[in-house]
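Let me begin by presenting the structure, written as structure tokens, before commenting on it.
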């Protein structure tokens, strides 16, 4: 940081060590400082906007007034370092380390299998650790609440929650009965025979070290002395472009605000920070009154409560909670409404950073609190040098009327919230894409005051958020309703009036226009019911109660702590104790994940002279580049070069993938050039200065429909057919035709695409450190791009923070982009995509359109199916041809249809190229299959599960492409799933619930699965390994597979341990590299452990064969002795292992083959409850039965199944990519794209690994990395079942189109009722919508 005069020293502590920064820059955040200045890389960068929790750390401050130390979690990416004066920061490194001692939080997260890729783990540790510092014996609810701001893409959260629950007073991991026996240990659990004894525990709690709060680090005494110093003075930190001033008294603050009226007041930085980063706002002066005692107080009077503006939302929550406990219920209706919204507002980190004053005064249009405060008649107390002033927190203030706003020299001192009265009702209502940590789609604060003892409206207020650019008041509606009675006629008029008053234009930003209009009146109806209920409670004689069937509409879904059980085959008691195969072995990096010591690509220390790369991407979907001017960018400080297509020495278009756009752009987000600079901030700033002009080219193809219209395809049609489809249609009872749209999905791996490219001095060598699933592909692209042999490109891959298919092909293109920059500048290049760029550039799961024509008998037997699939591939080929192959080949799922035809094509569009994603087409295509099965059931008046049963494969059969298989494990999974989940009794219970509840409905669904692993191209299934035995007996294993959280390296160590008959502790696995294992296949298609396991096994068996003569001579000797003797006898202790691969093939001309080595079967049952008024849903329970054959490691396999299921559940419900009609992706951050959080997972999840045989694979195991993904669709079909029940009660059609995802919007608008009928509708031909469907 540049030295600037007149700057104070910044003093704070990190992990107990004093940090004195002489040149503190206000623009530098704590995350950058920790990682780049202090080289503490355990804290991770994932989103940069406070939305994911990967960078969570604990901040501790001493309060001289109360003499207490306050510990709270923060997201380091939003904390300016200048705000930390006098604070103590604890990072994951300060909690515990392998080199010193690990903390119980870290140990338990690891041993409970709560880490997979490990990238989110340090953040998880810090959230739980901070909770324990404040509550050493937390409740399960506190654990769930503490984790609400942390995202995880791998685990499905249950194991993380379980690790936290081990600290609860009564450990709630296992529902132990008073007898001391586990509920899972019933005799019926031992299925079939005694050899298949079922186990339920994946770890041993007795191993855990106890939590001893007295052993935690002390708060630095120096900081206490600093806080209590009576002679504190104003602090100024002068940065490169900005100044930070921290006043020490209220008068000092007012003086500063008078001198710098335009200066931004900064406290939590949760509003200003994202605006600076994502909206390019610039503030030359920051004034930070953080810690000023006059801003932190609670003052209770007879009329209400005044709360200091400096209180964080978490402190506000605690203060209101106490008041609600102490005061009569009638006085605290406003406070209770605020508490309800504070529970789900953002995550714990943001709630601890954001302040009441900041939230109120920033007036976000999506605010959850301001509408309630306004409805509760709150007042804002302002202060300036001129004196005090009060302004009402009302519609004028919220709608930003100049006369009702703060003057530039004023500050918010406090907010006064009056008590409610007996005849005064206040409510907060909201609906978001997910329950927690998501901006509301629509929210509201409403209050009504009645004439005492009557239901005559004296005063009515309604404030709505997220319906306009500000929070808006329906003041005209309220005015017209004064004097009316609170009855159904008033409600009807109120709905009509409010829809007239609050107009959401058809092309409004954010889209979902008809849904938001519906929510406006649906939320009003909820308020109406709540008030009716409240009146009845006050005087049951005078005011009739609401109908019993409406009661459930009053409450939002509760947030419960998830719990679960898992069952798997116990290890044979006769297996040698040293043999780890079949045991739930902890992930080999789990402890390192939890301590932050697991090194990811960007954690590598700075390299001398390294440069940072920022991208400049196209803003047009299809256009000619008219002009390109980088002169302004090159003139900026720190910028070294701008790299374009002209700098590529070799191929700029390898295998149809374009590195740098030249002359023409073919999608929004295509890389045009990159900027290399000394630090990333300079590169990013310069990238904004590159000037490009375009000329649009027609056609611009965005959707599948447009591609069909323009005949725009990448591949010829792929087809499989059996029987005589046309003939069969003539002899069926009924025919249905339909289509299903399945939208795409963002990978949202926690670690964005990361490349480190280092040019070597000699022979044009290049070394790359990349987070990839396919190092040899990166090597190939870099070699082709630089026009040098592959032997000179070394690609290293230690681990990556999640992949899910998104790191198969994309790192090759990005690696080549980075390598070109390294080649041109002659300097190392660090190329880390920001989350927004990653989401924009790299594509995701292919959106799919399925069209079907189904012929069936009245008894539900399907005789003929003709299905067409189209996928939206984007602008380059990538993996799309393979995806459409998989879609067509897997299109029958578990059903035998004698006359079956399936065709598929990959559409070429002007979107970023879509790519591999867990399940590879199967999760999209099979939704269409289940949709037409469900439609057939509806037409036959049969339950869907019966039609599934009727049409399911039942005996040894051939698939439509003539591959023979035995469906016995499928039948076993299906039968067990129905029986053990108590499907039929629960379905009856759901029907009973639905009869009693009009506005909430429950649904159950069970789906079967016939999945495949591997690839139809045989040579893709080959693998190699390299095993060295050293003279001390230690073993180094290397193979071609990549570790991305699935535990591949752990399984390989287990394999080597069994084959060499040595403890796992002897075996080390460091990294995957093209130097050690050349030409390795990708780690994908669920075959990583299969093929690499065989290669490692082969190498170990070769070595053991060489050692046999030595062992025979000394059978009782130690391993070390045998190795020493073998070396003395010149026996080679190193070898390669090789697996030729599964012999797969597919002949598309003959439409037959054996494209897959084996099948993985499964079944899943899910139960949901939906709120028909809002579209919200709650997943109550899921049972998963997965055919694992024999699991090499049940802990890892169950982790994969659970993680895939939750990812699938997200895909089918809340994960929604929004595109503009011009092809611009709107969803580019965790703010806009919602993956499941801990509150979305099932309240109860039960996973069973079903035993079968699979002799073709290593140790009779099966690859389970992807199969759980599709089982998430049981949630989609359970929602469909619940919506069907709602529609049936309303007299609507039985069959309706099922599309994915089943978002709250889809659920609400499909549950048609008087409110959806009431809203204004727009003629689609009269406007251009904000977003469009691309499937």
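Note: Cβ is positioned from N, Cα and C throughout, glycine not excepted.
Noted in TrEMBL for the protein shown:
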ACT_SITE  1266  active site, proton acceptor
BINDING   47, 52, 55, 77  [2Fe-2S] cluster 1 binding site
BINDING   117, 120, 152, 154  [2Fe-2S] cluster 2 binding site
BINDING   265, 266, 267, 268, 269, 270, 271, 272, 368, 430  FAD binding site
BINDING   773, 804, 918, 1085  Mo-molybdopterin binding site
BINDING   920  substrate binding site
DOMAIN    8-95  domain '2Fe-2S ferredoxin-type'
DOMAIN    237-422  domain 'FAD-binding PCMH-type'
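Here the features listed in TrEMBL are placed on the structure.
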| residue | record | contacts (Cβ under 8 Å, 6+ apart) |
| --- | --- | --- |
| 55 | [2Fe-2S] cluster 1 binding site | 31, 43, 44, 45, 46, 75, 76, 77, 123 |
| 120 | [2Fe-2S] cluster 2 binding site | 44, 46, 52, 53, 54, 150, 151, 152, 153, 154, 750, 801 |
| 265 | FAD binding site | 257, 287, 288, 289, 358, 411 |
| 267 | FAD binding site | 288, 289, 290, 310, 355, 357, 358 |
| 269 | FAD binding site | 78, 79, 80, 83, 353 |
| 271 | FAD binding site | 354, 358, 359, 362, 364 |
| 918 | Mo-molybdopterin binding site | 804, 805, 1204, 1207, 1265, 1266, 1269 |
| 1085 | Mo-molybdopterin binding site | 920, 1013, 1014, 1015, 1020, 1263, 1266 |
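Taking Cα separation as the measure, residue 47 ([2Fe-2S] cluster 1 binding site) is nearest to 117 of the binding-site residues 117, 368, 773. Note: the Mo-molybdopterin site is recorded as 773, 804, 918, 1085; in the same chain, 803, 805, 806, 808, 916, 917, 920, 1083, 1084, 1265, 1266 also have Cβ atoms within 8 Å of that site's Cβ centroid. Among the residues 265, 266, 267, 268, 269, 270, 271, 272, 368, 430 said to bind FAD, no two Cα atoms are farther apart than 29 Å. In the structure as shown, the Cβ atom of residue 47 ([2Fe-2S] cluster 1 binding site) sits within 10 Å of 25 other Cβ atoms. Regional average pLDDT for the domain '2Fe-2S ferredoxin-type' (8-95) in the model is 97.
Counting residues per DSSP class in helix, strand and coil order gives 19 helix, 31 strand, 38 coil for the domain '2Fe-2S ferredoxin-type' (8-95).
In this structure, the C-alpha atom of residue 117 ([2Fe-2S] cluster 2 binding site) lies 34 angstrom from that of residue 368 (FAD binding site).
The [2Fe-2S] cluster 1 site is set by 47, 52, 55, 77; from the centre of their CB atoms, other residues of the chain with a CB within 8 Å are 31, 44, 45, 46, 48, 49, 50, 51, 53, 54, 75, 76. Local packing around the binding-site residues 804, 920 was summarised as the count of other Cβ atoms within 10 Å of each Cβ; on this measure the leading residue is 804.
Listed in chain order, the residues near the [2Fe-2S] cluster 2 site other than 117, 120, 152, 154 are 115, 116, 118, 119, 121, 153, 155, 750, 801, 802, 1045, each with its Cβ within 8 Å of the site Cβ centroid. In this structure, the C-alpha atom of residue 368 (FAD binding site) lies 42 angstrom from that of residue 773 (Mo-molybdopterin binding site).
Using a 10 Å radius centred on the Cβ of residue 152 ([2Fe-2S] cluster 2 binding site) and all shown protein chains, the other Cβ atoms total 31. Within the same chain, residues at least six positions away from residue 773 (Mo-molybdopterin binding site) with a Cβ under 8 Å of its Cβ are 800, 803, 805, 807, 808, 811, 1042, 1044, 1082, 1083, 1084.
When Cβ atoms from all protein chains are considered, those within 10 Å of residue 368 (FAD binding site) total 27, not counting its own.
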